[in-house]
Each structure stands twice: as structure tokens, then as C-alpha cells.
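A short write-up of the structure that comes next.
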Amino acid sequence: YVAAVYEHESVLSPSPAAPVERRWALQLMARNLDIYEQQALAAARQGAQIIVFPEDGIHGFNFTRSSIYPYLDFVPHSRSGKWNPCREPYLFNDTEVVQRLSCMALKNKIFLVANLGTKQPCERAEPRCPADGRFQFNTDVALAADGTLLATYRKHNLYFEYAFDTPPEPDYAVFDTPFAGKFGMFTCFDILFFEPAVNLIRQYNLKQIVYPTAWMNQLPLLSAVEFQQAFATAFNVNILAANIHHPTLGMTGSGIYTPVKSFIYHNMESYGGKLIVAEIPVITTDYKTNFEKTPGRVSEKGKEQSPPSFHAEMMYDNFTFVPVWGEKGEVQVCANTLCCYLNYRRAVLTDELYALGVFDGLHTVHGTYYVQACALVKCGGLSFSTCGQEVTDATALIDFQLWGNMSTPYIFPLLLTSGITLDFADHMGWKNNHYFLSKNRTSFGLLTAALYGRWYEKD
């Protein structure tokens, strides 16, 4: 099927914390919706059957709970599949945004997924009803090619979004299409957690995911395109990921991903939006996912003395590293119960420092979640203290096999190359209770090769 995602540079409110009238809020949002309209048309002309827009693309961000209120639509959570906002605008008040999205889908005969702020009144006597008598949700809507509202999803894992509430229970949002079957839907930070993302995929055996996001890139392990691809690979799904485009805030990185191919956009230099359209196969067969352990052999390890280990901060976590010196060798490094092993050979010895790092613990900055990671990274300079820094360019071509005795089945294989480009591993999977990733010769210099494990039970 043909899919489209649009990385959108939003027209932002100059002072999001200031109170405004609904009229003014609608005017600002109309400017973003005008751009959406052009892009939906452009995508449809290229044969796209579905288009995905990013999180926060219509209203922007940095609101307070009260200042966002004029920007919120009323979207009934229970009426999915029964209401066509374009054809029945009179059913509910304050639905101007979802009406426009619905008409966009209808006019272009395209399935459309977008993110907006919604409100839902509640009785103060209700448990969890906020003091102001309403819930405010960060909401994705999926609309059919005839404009019908198919599904709504209210973001569960909020990322410092004080204007919004967490829904009482996780939403499992699924909608059906004639061209690719069932799609699941979740937003941004959700991708790092079991609920609802992993549970949704497992419960409904999903093979297609739509993913609006407003992701701030964090190298070396959580760049948007890097993790989006790892997720598609790990779960054997197609992901249509639309990010916002604000390079000054470190936000870029969208793509259409299959488990074996990616069509991506990452651009920190220029401004303006970007439409990606790609034809991808519908995944129907159930390949074995990477979470199922299989017996087998791993090459012998620990023959040579590993070089001295050192500590450095990476992604706000205290990693234990060993330097990766010379043109070839084997190194290992351990922390808590996790040991990481690397067998490597460099094509040409360059004057770049690489290190193999391990972290097995609770990550506590910008969210709390348990990580088990084995990571081969290029350091920022030649001193040990630069390992873990954000690096975007590299020249070293390295053949490697990386493996670790991970305690969780949920391993995201990361492979990032120079200029924030992606590569795919030659082999990966479980052998003898170790997860491994191997690659002969990346196309570009290696930035990161990592096994990023999420141990959800320990969150």
C-alpha cells in the first residue's frame, strides 16, 4: 500500500501561556490546518491511501492547563465509527478542528491520522475528575477516506505535559482499512513503555502502526529515526511515524519503516515541512519476532584481557565503558547482571575513539524506566570523558558482532551511521540466552550499534 507521513513545522503561538479566546485559537490552528490540507492533497495525488500528521502539529506546545483550553475540541471518545464530523458538524459543539480534518480525508479520499487537544467534561464527584470539572487529553484521531471518525486515542505516557490529563485506563486504539487491514495507534513517549504500545500490538496481533510524535532527538541511543526503526524491526511491524520539525528544539526525524527497509527524513539544517510518500508491503505472515529465544552457538568469548574500564555519563545514565582500540579484537564489559561482548575488526584504523558501554539500571531523568543496554559508540573526542556525548559524524567502518546476556526479551536493535542515517543488521536474535547483533561493513561511518533492552517489569 502507499503511505504518507508529513513532518510539519508548526505555526506556534508567540505566547502559549497567555489566555486567548477560542476565536483567536482557531485562527492560529487554521494556519496549520491550511498546510495539512495542501499536504493531504499532495499525498493523495501521489497515490497515498493513508497520511499521518505529527503530535502537537495543530496547536503547538508549552501551554498551561488553562491557556490550552481555547485550543481544545470536543471529540466524543465512544462514538468512533458512528460519526462523520464533515457531514454532521451540528452534532456537537467545539468540533471545528476535527471537522476540518474529516473534510480533508473526505475530499482527498484518504485515511487520515492527526493529533489534537480534546476536552471532556466530568462530574466533580467522579473519581479523578480534575478540580476544573474537565479532562484534557492529548488525542490522536483516525478518519476514514469518507470522513468517518474511526478511532480516538488519548496519550497515556505524558512527557511533562502539564496541560493534559492521563486517561483513567490505557486506550487500545485500532482501526480497520481495506488496503492493509488493522492499524494500531499511539503517541510519542508511549513507544518506550509496555502500556499501551506493546500490549496493543500483542493483543491485536498488529502489523501496522501509525505514530504521531513530537520527539526531541537524544543521541547516541534515542534519536527519532534510530528508535523508530528499532521498534519496527523488534516487533516486525510497519510504522508510519510523523514528527514535528523544529531543529532549534532538536526536533526532526520522521519515516515510513518496514522491518527491512526505511524511508526517512532527518534534517537539523533547514526549515519547513517534509512529505514522505512510500509504497510498502502489507505484513501478513507472522515471522518469528525477535523476542523468542532460540538455542544456538555464540562465538567463544573472553580470550583476551579487556582494556581498563571507565565510567562516563551517557543519556544521563552512568555507563561503564571499555575502549575499543586497535584494528581488531574482543572486549567485554559488565554491570550488575548484564555483560556485553564485542568482537570487532576495523577496515582502516582511523583516529576516532570508540567504546563499548553497559548500563543495567533504572533511568530516572526525563521519565523513569528500567534499561538494559549494550552500546558500541563513537566518542566525542579522544579522551574517555567524551564517550557518551552526542556525535553526528563518523568515518570508521567496523565489522562487529555485539551480544549480551539480556534479562528481558524486549530488545531494540539500534544501528545508526554518519549523518544520522540508518543501516540494518546482517543477523540478530537469541543464541544461548544471549541476544546478538552482527554487521559486516556499514555503508557509512559507525555512530552507534546497540542493544537497547527495556525491562518493563522493573519500571
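Yeah, the Cβs are placed from backbone N, Cα and C, and that goes for glycine too.
The annotation domain 'CN hydrolase' is assigned in TrEMBL to 14-282. Look at TrEMBL and you will find Glu55 tagged as active site, proton acceptor. For Lys155, the entry in TrEMBL reads active site, proton donor. Look at TrEMBL and you will find Cys188 tagged as active site, nucleophile.
In this structure, the C-alpha atom of Cys188 (active site, nucleophile) lies 7 angstrom from that of Glu55 (active site, proton acceptor). Cβ neighbour count for the residue listed as 'active site, proton donor': 26 (other Cβ atoms within 10 Å of its Cβ, all protein chains included). A separation of roughly 10 Å, to the nearest angstrom, links the Cα atoms of the residue listed as 'active site, proton donor' and the residue listed as 'active site, proton acceptor'. Across the domain 'CN hydrolase' (14-282), the model assigns an average pLDDT of 97.
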